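The structure under discussion appears below in the form of structure tokens.
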Amino acid sequence: MTLLSDNKAVLIAGPTASGKSALALELAQKAGAVIINTDSMQVYHDLRVLTARPAPEDEALVPHRLYGHVDAAVNYSAGHYVRDAAQVLDEVRREGRLPVFIGGTGLYFKALTRGLSAVPPVPDDIREAVRLKLDRDGVEALHAELARRDAAAAARLNVRDRTRIARALEVIEATGRPLADWHAETTPPLLPPERTHALFIAPEREALYARIDARFETMLEAGALAEVERLAARGLDPLLPAMKAHGVPALIRYLRGEITREEAATIGKADTRHYAKRQFTWFRHQLPEFEWMSPEAAKGLVRALKVR
């Protein structure tokens with residue numbers, strides 16, 4: 001594979017803690033590239049430490065875009081991301097620079113390379129009404145309502161899946177159409193697969209899991225707990241994406257005195273390991289065009305680059 005050819009964008013995906021950021025930084029420094037975040041949690045300003053965003057000194061070395069530009073109170077979606085990414089990509093191309101998209105959120109990569117379903121934004125008042133109904137009546141009642149209004153969606157969703165049940169009802173309430181109808185309509189992709197070089201960094205599993213555990217402890221020592229304490233003090237909706245970032249719910253429980261610090265760390269590590277496992281499975285089945293390689297092979301590929 002040649003990473004620098006034909007004005008193609010570079011996509012670097014992989015599980016959390018796989019060394020993607022360091023690889024992207026080395027590539028960007030060598031090629032004069034712009035690094036564009038493709039991680040759904042690193043967009044949040046409030047969670048620099050706990051989401052392992054690039055360090056400020058690394059961000060100063062090359063341009064980094066779409067990091068920390070969203071407040072935790074925002075229900076930031078793949079649709080928001082694609083709109084922001086389109087603007088950044090246009091700017092990068094006008095500058096004549098190489099765009100390097102890096103992250104672990106498969107849905108974002110799929111939206112970039114396959115297009116996005118055309119679901120219109122749900123008005124805030126409808127979203128709030130559904131959330132209030134969820135809190136008042138419980139998830140089983142909402143699932144029963146969904147079964148009456150969109151039987152196919154209700155059959156697909158777990159009866160305890162609060163987030164997806166609420167989302168399906170919001171879309172029906174706002175548009176009068178089931179979510180599946182909207183998913184059948186997609187927008188043209190920003191980055192068709194033939195216009196990209198796409199890598200998936202695949203470390204050895206046990207080494208990755210050990211690195212995840214060690215990194216979680218490092219993040220706690222580096223200020224993640226204080227970060228979560230500030231976030232919890234805002235009293236935000238626990239269903240917001242930022243409030244469900246790996247480690248946030250467990251650390252909030254610790255701050256409330258419900259569990260010990262050790263228990264919170266154990267939960268946070270386990271949640272992150274399970275997420276990494278799902279990332280392997282998701283990319284293998286959903287985006288088979290990504291070329292899988294070990295971190296060592298990817299580093300060798302970058303270091304062998306000859307930049308004109």
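Note: Cβ is positioned from N, Cα and C throughout, glycine not excepted.
DSSP gives Lys20 (ATP binding site) a helix state. Spatially close to Lys20 (ATP binding site) yet at least six residues away along the chain are Ile12, Ala13, Gly14, Ile102, Gly103, Gly104, Ile201, judged by Cβ distances under 8 angstroms. Taken from Swiss-Prot, the feature ATP binding site covers Gly14, Pro15, Thr16, Ala17, Ser18, Gly19, Lys20, Ser21.
The Cβ neighbour count for Gly19 (ATP binding site), using a 10 Å radius and every protein chain shown, is 17. Residues or ranges marked as substrate binding site by Swiss-Prot: Thr16, Ala17, Ser18, Gly19, Lys20, Ser21.
Within its own chain, the region 'Interaction with substrate tRNA' (39-42) is flanked in space by residues 51-53, 67-68, 76, 78, 81, 102-105, 107-108, 241-242, 245-246, which lie at least six positions past its ends and keep a Cβ under 8 Å from the stretch. Taken from Swiss-Prot, the feature region 'Interaction with substrate tRNA' covers 39-42.
Under the DSSP three-state reduction, Thr105 (site 'Interaction with substrate tRNA') is assigned to coil, being neither helix nor strand. Neighbours of Thr105 (site 'Interaction with substrate tRNA'), defined as other CB atoms within 10 A of its CB across all chains, total 20. Look at Swiss-Prot and you will find Thr105 (among others) tagged as site 'Interaction with substrate tRNA'.
Take the CB of Arg127 (site 'Interaction with substrate tRNA') and look out to 10 A: across all protein chains shown you find 20 other CB atoms. Per Swiss-Prot, site 'Interaction with substrate tRNA' is recorded for Arg127 (among others).
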- Could you check what DSSP calls Arg127 (site 'Interaction with substrate tRNA') once collapsed to helix, strand or coil? helix
- Close to Thr105 (site 'Interaction with substrate tRNA'), taking Cα pairs within 10 Å and only the recorded positions Pro15, Ala17, Ser18, Gly19, Ser21, Arg127, are Pro15
- Item | Nearest-integer angstrom distance between the alpha carbons (Cα) of Ala17 (ATP binding site) and Arg127 (site 'Interaction with substrate tRNA') | 34
- Report, in whole Å, the straight Cα-to-Cα distance of Arg127 (site 'Interaction with substrate tRNA') from Gly19 (ATP binding site). 37
- Thr16, Ala17, Ser18, Gly19, Lys20, Ser21 excluded, remaining Cβ within 8 Å of their centroid (substrate): Gly14, Pro15, Ala22, Ala52, Gly104, Ile201
